[in-house]
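Remarks on the structure that follows.
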Amino acid sequence: MKAHVVTYGCQMNEYDTHLVQSQLVSLGADMVEDIDSADFVLLNTCAVRGKPVDKVRSVLGELRKEKAKRPLVVGMMGCLAQLEEGQQIARKFEVDVLIGPGSLLDIGKALESNERFWALNFRDELHGHIPPAPQGKLQAHLTIMRGCDHHCTYCIVPTTRGPQVSRSPDDILRELDMQLAAGVREVTLLGQNVNAYGVDQGARLAGYPSFADLLRMVGASGIERIKFTTSHPMNFTEDVAQAMAETPAVCEFIHLPVQSGSDRVLRRMAREYNREKYLTHIEQIRRHMPDAVLYTDIIVGFPGETEEDFQQTLDLYDEVGYDSAYMFIYSARPGTPSYKHFTDLPREVKTERLQRLIAKQKDWSARRFAAKVGTVQEVLVRGDAYSPGFLEGHTRGQHPTVVPKAVGAEGAGIYQVRINHATPHMLYGQVVDAQGRPLEELPQWTPEAAALSSPLQML
Ligand code: SAH
Ligand code: SF4
Ligand code: F3S
């Protein structure tokens, strides 16, 4: 069988795609890059906003047409699959295999079945299942918990992914060991709310460390860089900032979604913190890690958000000076409390506010990127950049970075880089040695140089 998986949504979905692909490979499937040559196409879906749902609908429409022309099995997994909305879509577009986020291990059974196969149960074995490490990659994701115990009024995730279940520290460390053995050098710990690790449905689990202690344990494994996402401000503790500062492998990077700067809106979102409490966390982070890079998520145009509420979000942005933000227009999701109880704001109001927020975010990003010029950053290079002769990677603070290839820095690896130029989205630099001296640059590709060395030239 030739299989192809398309991934929408967040990093949790990317991890799940990897897990399901490794199951498929162990069942004898070939993973193919090209959707047209696949006889099994699986969409790993997202339901958090209307847009990713519309996207899945349109791709399923195309696949249904394909199915009329050739033998093709179409599957749907991920958050949308778990919802009644997703099941209706699946029926409409004649989806053959439907697998919820808790039933990923049923993929084998699904493929054996000759008829429509739907699996929507949350199975405990999933938490103990350790997928093989990604091969030939320096970066990996590691899910440390699934589900979410919060009830933000706009959010569908608790419905799609169920209540929070933390994975055991033994399973996490075993998976990490396998990743280390495969050459992984940067791991991102994943969960909807990593700060609540080890406290599921309000109860602390015996033998489970706090998230801060888990960071310390992972930091002692030998991995060189640790990142994590997402942190819910409600469960953030100063101990986490302290563990980050004391554990050299933990990167100075934190993604702490605020959603809104207005207490009135935060209450209607049921976020369980207010602006003041949020700013206390920012102060703790800055005190322990003065250079920490801060990302956030913001929803604009939540029902009932006034111009004054929105102004408070803009003010908060300036007060924190975020390095970057994921900014979303509120999307009313069927099945959420805010969909049921509140009236959506007019589209124009929401888009106009988003434009103003984006302008602010660009301004801060430009300043933050510019401030890195002249510093030395540790860059994880994934491989060749788009321009020949250059490599691309990212810093510990997640800034995309481009460097020319140099002797000793010709491909993937972790290098020290002196930053000499910045745009609002990219850092440019030069690889340096331990003494800060630039490595010798390799000759760069230019059309003239390429023509000179081409075989035609030699004729
Ligand atoms: N558990 C994470 C986020 C999960 S969803 C947390 O709370 O931090 C990722 C982001 O999508 C959220 O932070 C939020 O900003 C956004 N989001 C969730 N539901 C949304 C909706 N209905 N409309 C617009 N954005 C939404
Ligand atoms: Fe990820 Fe949430 Fe989308 Fe699910 S609904 S894929 S958890 S962003
Ligand atoms: Fe959603 Fe809030 Fe949980 S945004 S995933 S309900 S923390």
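A Cβ is built for glycine as well, from the same backbone N, Cα and C atoms used for every other residue.
Curation plays no part in TrEMBL annotations; they are all automatic predictions.
If you check TrEMBL, you get these features:
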| type | residues | note |
| --- | --- | --- |
| DOMAIN | 1-116 | domain 'MTTase N-terminal' |
| BINDING | Cys10, Cys46, Cys79 | [4Fe-4S] cluster 1 binding site |
| DOMAIN | 134-367 | domain 'Radical SAM core' |
| BINDING | Cys148, Cys152, Cys155 | [4Fe-4S] cluster 2 binding site |
| DOMAIN | 370-433 | domain 'TRAM' |
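A map of TrEMBL features onto the structure.
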{"residue": "Cys10", "record": "[4Fe-4S] cluster 1 binding site", "Cβ within 10 Å": "19"}
{"residue": "Cys46", "record": "[4Fe-4S] cluster 1 binding site", "Cβ within 10 Å": "23"}
{"residue": "Cys79", "record": "[4Fe-4S] cluster 1 binding site", "Cβ within 10 Å": "27"}
{"residue": "Cys148", "record": "[4Fe-4S] cluster 2 binding site", "Cβ within 10 Å": "22"}
{"residue": "Cys152", "record": "[4Fe-4S] cluster 2 binding site", "Cβ within 10 Å": "22"}
{"residue": "Cys155", "record": "[4Fe-4S] cluster 2 binding site", "Cβ within 10 Å": "21"}
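Checked against Cys46 ([4Fe-4S] cluster 1 binding site), the binding-site residues Cys148, Cys152, Cys155 differ in C-alpha distance, with Cys155 being the nearest. Checking the binding-site residues Cys148, Cys152, Cys155 for a CB within less than 6 Å of any atom of ligand 2 leaves no residue at all.
Other residues of the same chain near the [4Fe-4S] cluster 1 site, with their Cβ within 8 Å of the Cβ centroid of Cys10, Cys46, Cys79, are Tyr8, Gly9, Met12, Asn13, Thr45, Ala47, Val48, Pro52, Gly78, Leu80, Val157, Thr160. Checked against ligand 3, the binding-site residues Cys10, Cys46, Cys79, Cys152, Cys155 give Cys152, Cys155 in sequence order as having a Cβ less than 6 Å away from one of its atoms. On the 0 to 100 pLDDT scale, the model's mean across the domain 'TRAM' (370-433) is 96. A separation of roughly 13 Å, to the nearest angstrom, links the Cα atoms of Cys148 ([4Fe-4S] cluster 2 binding site) and Cys79 ([4Fe-4S] cluster 1 binding site). Among the binding-site residues Cys46, Cys79, Cys155, residues whose Cβ is positioned under 6 Å from ligand 1 are identified as Cys155. Listed in sequence order, the residues His150, His151, Tyr154, Ile156, Val157, Pro158, Gln192 complete the 8 Å Cβ shell around the [4Fe-4S] cluster 2 site centroid, once Cys148, Cys152, Cys155 themselves are left out.
Annotated pair Cys155 ([4Fe-4S] cluster 2 binding site) and Cys79 ([4Fe-4S] cluster 1 binding site), C-alpha to C-alpha distance, rounded: 12 Å. For the domain 'TRAM' (370-433), residue counts in helix, strand and coil come to 1 helix, 38 strand, 25 coil, using DSSP.
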